[in-house]
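Visitor: Can you read through this structure? Questions will come right after.
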Amino acid sequence: MALTPDTVSSKLATLNETQESITGIAHWVMFHKRYADEIVQIWLEALYESSSNKKLLLLYLLNEVVQQSRVKKISEYIDAVSPYVVNSVADAYASVPASIKTKIKYVFDVWCQRGIFSKEILLSLQERFNNAENSGHSNYYPVGPPEWAPYTRLMTQTSLYAKSAHSTKTVVDALYKSYLEKQSDYSELLDNYKKQLNKASESCKGNYQACIESRSTLITSLESLIEEQKKLLSEEEESLKSVESIISNLENKESTTATSTLTDAGFGDKSSTAGKHNVETTSPPSSSPNSDDAYSPQVDSYSPSINSVPYTSNIVENPSEDNLSPLPPPASGPYSQEEEETSLFKSQRKEENEEESKELPEDSDIYGKDSSPSSDDSSAAGLYGDS
């Protein structure tokens with residue numbers, strides 16, 4: 001008969017406070033050491049769900065099993081329970097009355113004295129015991145959240161069936177091999193092998209059928225769990241999209257409000273004012289036709305200041321050609337070179353005429369009797385251009 005979760009649970013349910021009960025069930029558990037992982041899982045569930053007194057009995061059973069394992073150098077149960085012993089024992093300690101706490105501490109002291117578990121596990125347990133005095137009962141569940149308990153039981157059950165089926169299959173293979181090797185032996189011996197082979201084969205068949213049924217149920221349950229999780233995932237994705245839409249709308253509204261504020265302050269439509277701004281900055285300053293700056297030539301840097309009087313120390317009443325100060329270099333301006341030379345010639349001609357008029361008598365008649373210049377004299381004097 002295959003070992004099932006119900007079989008293990010029923011065996012644990014018969015546990016009582018007598019030494020015979022604790023020792024007897026411990027021997028039965030040790031016999032099924034190849035199912036150590038599954039039996040430990042069922043023990044953890046029973047510890048979590050039991051009353052305070054039953055929790056203490058289950059811890060006594062664990063103590064008996066791990067101590068026998070240490071003496072007999074069997075590692076299956078110690079290895080199977082080590083990942084859970086801190087949380088499970090500490091949670092049981094936190095949930096029981098003070099009188100039972102004292103007895104659990106006694107079991108813990110035995111583990112420390114005999115080094116049943118590693119030093120790290122024992123130190124962690126000691127710390128959890130100290131914290132439990134202040135924090136009370138924890139929310140620990142031995143095999144995950146409580147809502148996962150049905151799936152965990154199915155997995156444990158399937159694992160038990162699979163191990164039982166594998167174990168009986170090994171027996172069937174060995175018996176069948178022996179049966180083939182002893183074909184020439186006595187018929188009575190062959191009949192004995194045949195009976196054993198039939199019995200083992202039927203047991204193996206039942207184990208595999210139970211395993212297949214349990215695994216199919218587990219797959220159906222997991223598929224249902226996956227569908228439920230997919231539905232929750234879809235709802236969460238829709239909620240995320242809704243939140244992102246709200247955030248996007250808020251950002252757009254803030255952007256619109258900021259643009260409206262800039263427009264009201266005169267900084268809104270920059271494209272409409274860009275042309276005007278460019279025209280105003282690039283247009284030259286307007287000048288009046290009568291302004292002195294309208295046609296003023298540009299002056300080089302060596303020209304005197306407008307407020308200073310140039311050449312003051314060299315000014316004489318009747319300057320002659322010898323004592324004239326040298327002319328400043330011609331300034332670049334709107335006049336051409338030809339116009340500058342004509343202006344200079346007229347200035348020199350005017351100075352020569354003034355000197356000649358000073359040398360003549362005041363009442364001399366330079367034009368004859370009628371004191372009117374002739375066209376020849378005017379032409380000779382340079383008043384007209386060449387005809």
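Backbone N, Cα and C define each Cβ position, glycine as well.
Per Swiss-Prot, the features are:
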DOMAIN    1-133  domain 'CID'
COILED    177-255  coiled coil
COMPBIAS  283-297  compositional bias 'Low complexity'
COMPBIAS  298-323  compositional bias 'Polar residues'
COMPBIAS  353-365  compositional bias 'Acidic residues'
COMPBIAS  370-379  compositional bias 'Low complexity'
MOD_RES   SER372  phosphoserine
Visitor: In the domain 'CID' (1-133), how many residues does DSSP put in helix, strand and coil?
Guide: 112 helix, 0 strand, 21 coil
Visitor: What average pLDDT does the predicted model assign to the domain 'CID' (1-133)?
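Guide: When the pLDDT values over the domain 'CID' (1-133) are averaged, the result is 91.
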